[in-house]
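Feature annotation from Swiss-Prot assigns dUMP binding site to ARG22, ARG180, SER181, CYS182, ASP183, ASN191, HIS221, ILE222, TYR223; the stated evidence is sequence analysis. The active site, nucleophile feature in Swiss-Prot is assigned to CYS160. Annotated (6R)-5,10-methylene-5,6,7,8-tetrahydrofolate binding site per Swiss-Prot: ASP183, ALA282, in sequence order.
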Amino acid sequence: MRAYLDLCQRIIDQGTWVENERTGKRCLTVINADLEYNVGNNEFPLITTRKSFFKSAIAEFIGYIRGYDSAADFRKLGTKTWDANANLNDAWLNNTHRKGEDDMGRVYGIQGRAWAKPDGGTIDQLKKIVDNLKDGIDDRAEIMTFYNPGEFHMGCLRPCMHTHNFSLLGDTLHLTSFQRSCDVPLGLNFNQVQVFVFLALMAQITGKKAGMAYHKIVNAHIYEDQLPLMKEVQLKREPLALPKLIINPEIKSLEDLETWVTMDDFKVEGYECHEAIKYPFAV
């Protein structure tokens with residue numbers, strides 16, 4: 001995927017050095033990156049200039065769709081992405097809102113499916129969007145956001161990719177997703193997969209055609225210890241043709257996504273890639 005490599009090169013050429021207080025590492029940073037994925041043509045943005053994986057990213061987002069708040073439930077789906085944040089985060093371990101082992105608190109999917117109202121009760125943001133789209137309605141506010149500053153203290157992590165805005169033009173569904181920060185060598189492909197899959201699934205369960213997914217990143221960065229591999233290995237490789245994502249056509253409703261869907265319902269066809277690259281991870 002050339003756009004991915006172009007962003008990496010832009011960060012190297014134009015980035016500003018920033019000291020990250022959380023990680024204690026320096027990173028080259030640019031502000032504002034826009035990526036586009038043609039979901040209608042099934043051009044699945046799985047990085048080909050290094051070996052990449054997709055099922056963990058999909059599993060995590062299915063967990064968000066289900067409103068999970070336990071790392072154990074994410075593990076059952078096939079991803080361990082929440083284990084550390086739920087169980088190894090000192091600030092969260094000492095937080096009185098933590099309910100016990102594997103509890104994540106009010107993050108991501110909880111906000112999307114059960115946003116707390118000031119007067120009591122909750123709002124199911126996702127169901128409202130699905131119901132509207134099935135009826136051909138776009139009220140220009142088909143938005144699901146995980147970003148709730150009033151409850152940051154009640155969760156183990158602030159959302160990174162935080163808001164998803166659907167737009168319906170005729171019978172074609174588009175998606176614009178917003179991300180506040182991105183570790184480009186390691187994290188971006190994970191998020192690319194999620195943006196693509198979210199639009200593909202929403203189009204499928206609402207009976208619409210999938211159109212374009214627009215992925216907007218505010219702070220895109222490469223850590224200093226990732227630069228040698230990026231410059232000397234990944235950027236010297238030619239991207240290969242993008243694969244296709246095959247989603248089980250029997251997935252027809254939000255209830256299906258909430259109940260029986262597993263990672264066996266997602267397959268990739270035609271994926272060819274270069275060898276793996278083991279980038280350092282900033283904890």
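The first residue you see is number 1, and the count goes up from there.
Glycine too: its Cβ is placed from the backbone N, Cα and C atoms.
Quick caveat, the model's predicted, so the values are computed rather than measured.
Features as recorded by Swiss-Prot, highlighted on the structure.
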| residue | record | DSSP (3 states) |
| --- | --- | --- |
| ARG22 | dUMP binding site | coil |
| CYS160 | active site, nucleophile | coil |
| SER181 | dUMP binding site | strand |
| HIS221 | dUMP binding site | strand |
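Residue pair TYR223 (dUMP binding site) / CYS160 (active site, nucleophile) shows a Cα separation of 17 Å. Taking a C-beta cut-off of under 8 Å and a sequence gap of six or more, the residue listed as 'active site, nucleophile' has these contacts in its own chain: GLN179, ARG180, SER181, CYS182, GLY187, ASN191.
For SER181 (dUMP binding site), the count of additional Cβ atoms within 10 Å of its Cβ stands at 16 [all protein chains shown]. Set side by side, the binding-site residues ARG22, HIS221 differ in how many other CB atoms lie within 10 angstroms of their CB, and the most is found at HIS221.
Over all protein chains present, the Cβ of TYR223 (dUMP binding site) has 21 other Cβ atoms lying within 10 Å. Packing around ASP183 (dUMP binding site) is summarised by its Cβ count: 21 other Cβ atoms lie within 10 angstroms of its Cβ, all protein chains included.
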